[in-house]
Every structure is written in structure tokens, then in C-alpha cells.
Amino acid sequence: MAMLGLVLSVLTTILALSEARIPGVYNGGGWETAHATFYGGSDASGTMGGACGYGNLYSQGYGVNTAALSTALFNNGFSCGACFELKCASDPKWCHSGSPSIFITATNFCPPNFAQPSDNGGWCNPPRPHFDLAMPMFLKIAEYRAGIVPVSFRRVPCRKRGGIRFTINGFRYFNLVLVTNVAGAGNIVRLGVKGTHTSWMTMSRNWGQNWQSNSVLVGQSLSFRVTSSDRRSSTSWNIAPANWKFGQTFMGKNFRV
């Protein structure tokens, strides 16, 4: 019986490790064309908050390397956290020489303006792919006076320091978890939570990268399982202790890049 117990323990450990494994590395995508404008002021203070729910982009680690995406790219919020490489293209009058690249994270939504034509003011109208860059990032690729420039862009792996962060907000019967600092594909499409006394439960996306559960999780240590848009998953076991409090942030395992 002792031997059987040892075998079962080993098998359980192997299964747990296999569930937590992160196979492969996100490779990004091919080059496409779009246009870019800017917003938020010279210090990017006007970019704080936003439709992804990240709040203070400085304290969350995104800084000024951010952009608001048009409807065609935003994907109803599922693109939040995705990373892009951009270059100013085909406009020698306004593009900086050498076509330097910038790398940004999607943190906001650029709403359409149907009162303006899509080629004159309604830059974020569907089906146009468009980036409204934080002003400091726009100035890295083009002159301020340009206002709007054509760009080439592609999805790239997100390179982040540290682990995935889970910030738990809400109250006893409403848990709202903000997920930030995701490496690899960057944007997540599924989030699961497991308490000490529960099975795995799928959380529903509330808005941006805020995910909700109406289960009572207070008093239990919590594990989270993140699935990114490239279908890789990362499981962070028992990262929130049983005495966790609303408003706290916990760090889990990130994706390899």
C-alpha cells in the first residue's frame, strides 16, 4: 500500500507539472499597413486609465510605450496587452530617417468618429487599422507636425520583467481580477481560478482585462490559469494565500519569450 501511495503521489506531481508547462514560444505575425496618430500630451499623462483597465500605466510597467487601437484591431478588448512593432512608412517628408522601430503595448481603445470620413478625421472608423500612439512614441518615428503618418506594423512577442500580475478587487460575492504584465502573446482570452476548496472555474471577462467570478473565494488560497491568444497556458499555483485581501496584487508564472 505504501508503494501504491508513492506511485500515486509521483503521478499527481507529474500531472500538475504538465498542466503548468508552457510549451513553445510566441513568434508574432507578418507585416501589415495602417496609420498612426498621437494623443495624451508630451508626458503621456492623458493615456492613463483606458479601456483595458490597466489604470496607471507607469506603475503597471507599461510606461509611454503604449497605444490605443481602432475597432479593427481592438477586438472588443481581447487585444489588450498585445505587443506591436511599428515603423513610419512611405512618407519621407515626415518619417524620421532610417525608419526606426518602436515597440508598444495595446492599452486603450480609439473610438470611431462617424461624423468624420475615415480618411479625414475618422481615423479609427472601421474597418481601418489604426494606432493612436502615446505622443512620446509617435515622436520617435515621425515629426510632430505630421499629425498622422502611414505605418507598417506587426505583432511581436511581449517582453516583460517579472511574472504575470493578478490584482484582486471586488467584494465577497464579486471577484474582479485584473491581469497585467503578460509576456509572450500578451493578450489573454481565458482565465481560470481555483480555490483551495473548489475545482477549476472559468472566469468571465467583464471589460478590458478585468475578469470576474461570483463565487465566494475569500479564505481560500487561489491558483490562476491564464490562456493567451496563441492558446498557450500558464498555471500559477496557490499564489494568493488564504488570508489574501481585496486590492492586493500577486505575481504568477509568466510565458517564455
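Note that Cβ sites are derived from N, Cα and C of the backbone, with glycine treated the same way.
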Selected from CYS52, CYS95, CYS110, CYS124: Swiss-Prot disulphide partner of CYS80: CYS52
Whichever of CYS95, CYS110 is disulfide-bonded to CYS88 when Swiss-Prot is consulted: CYS95
Site of maximum Cβ density within 10 Å, from disulfide-bonded residues CYS80, CYS83, CYS88, CYS95, CYS158: CYS80
Rounded inter-Cα distance in Å - CYS83 (disulfide bond), CYS52 (disulfide bond): 14
Distance, CYS95 (disulfide bond) to CYS158 (disulfide bond) (CA atoms, angstrom): 25
Helix, strand and coil totals (DSSP H, G, I; E, B; other) for the domain 'Expansin-like EG45' (49-163): 17 helix, 35 strand, 63 coil
Cβ contacts of CYS52 (disulfide bond) (under 8 Å, same chain, 6 or more positions away): GLY77, CYS80, GLY81, ALA106, THR107, ASN108, PHE109, GLY208, GLN209
